[in-house]
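Undergrad: Quick one: the structure is below, questions incoming.
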Amino acid sequence: MTHTGRHFLQIPGPTNCPDEVLRAISQPTIDHRGPEFQELGSHLVEAIKPVFGTTNPVVIYPASGTGAWEAALVNTLSPGDRVLCFETGHFATLWQDMATRLGLEVDFVPGDWRHGVDPEVVREKLAADTGHAVKAVCCVHNETSTGVTSRIGEVRQAIDAAGHPALLLVDTISSLGSIDYRHDEWGVDVTVSGSQKGLMLPPGLSFNAVSDKALRARESATLPRSFWDWGPILESNSRGFWPYTPATNLLYGLKVALRMLDDEGLPQVFARHQRHAAATRAAVRGWGLEVLALDEREYSGALTAILLPDGHDADTVRRIILERFDMSLGAGLGKVAGKVFRIGHLGHFNDLTLAGTLSGVQLGLKLAGVPIDESGLQQALDVLEQP
Ligand SMILES: Cc1ncc(COP(=O)(O)O)c(C=O)c1O
């Protein structure tokens, strides 16, 4: 089938890139050791900080988010160190798997993929660890596979309540620039992120925001590290450069994307995401379907995962929507494969993008024979009618 108009890329990342960002990326590549680049590099290492809610350094890698996961671990930990991880979904599972393969001892707290990290379990686990064997607590802020957002501020309080010195490492790959996040205020030691979601850039950049405590931990951490080592990068960054060839053109895009977020204002960006998430949930409930997230305190502002009734295959719904309406939706991953599909409502997005997205979903559900109440779309529009 020939499709006309723009493809709807409504997976929960990579997200749609604004034209301004794409135009910036298409500029000629410059000498990454010259004065023009130095100006760009010096600007970016400062301009990136507010989006993390930090005044501390943010390391920018030419890598996908997985690289930044590894960087967080190898810069702060040593072989055999114990880390506390939580099975909130597919990405938390992959991160703990990486930690195991790197030679760390992982305590992986089982979960049902419908809830976030339970701060009370954090407190109990750490309070019981009187010998302080646990060196780091790893949490995925927004589980992209489930649409569940963990309450990182409360996790911080739990660590403090237990009087435990463990580092707090947080993955914000699908929350940064979409959901309220505060690296400094929440005492996070390493915040991991990526370019391809709330930052509205293509894939290819990833980040580690680092606390002073994390920088101190690096001094005694002995997991092997070379490319990921914060030390040479921060030293080079202090002069506006990188120790190797940075992703010059993506950095042009980053400059524009950060300016766009700043122009809108981060509180407004977060409120916009929450409003679109609420409208999406109104549609889901109107259709008579279930949102995967069970605790309303943990609903994601960035994406919504929708559970299909038994006997209906989520991948069939997605295939019909792609073929008929040229819209990509997120597949169910890992344990929820085939059972859920995910609507990304993050990044460069507005009311009518959501209305179009939900129209396509409603049509696709109907065509796939999923029994739904067609008032779902109207319920979302009723939410959007409010300012
Ligand atoms: C929460 C989360 N963590 C980690 C990753 C892995 O990042 P990447 O695919 O950029 O390596 C993703 C990717 O979607 C993610 O959503």
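Here the Cβ of each residue, glycine as well, is placed from N, Cα and C on the backbone.
Just so you know, TrEMBL annotations never went through curation; they're auto-generated.
Feature list, courtesy of TrEMBL:
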type    : residues : note
DOMAIN  : 10-315   : domain 'Aminotransferase class V'
MOD_RES : Lys197   : N6-(pyridoxal phosphate)lysine
BINDING : Arg342   : substrate binding site
Undergrad: Which residues of the same chain, at least 6 positions away in sequence, have a Cβ lying under 8 Å from the Cβ of the residue listed as 'N6-(pyridoxal phosphate)lysine'?
TA: Pro12, Gly13, Pro14, Thr15, Thr144, Ile173, Ser174, Ser175, Leu176, Gly177, Ser178, Ala302, Leu346, Gly347
Undergrad: Within the chain of the residue listed as 'substrate binding site', which residues six or more apart in sequence place their C-beta under 8 angstroms from its C-beta?
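TA: Correct list: Ile11, Pro12, Thr144, Ser145, Gly147, Leu303, Thr304, Ala305, Ile306, Leu329, Gly330, Ala331, Gly332.
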Undergrad: Three states by DSSP: which one describes Arg342 (substrate binding site)?
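TA: The residue in question, Arg342 (substrate binding site), is strand (DSSP, three-state).
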Undergrad: I want to verify one value. Collapsing DSSP to three states, which class is the residue listed as 'N6-(pyridoxal phosphate)lysine'?
TA: coil
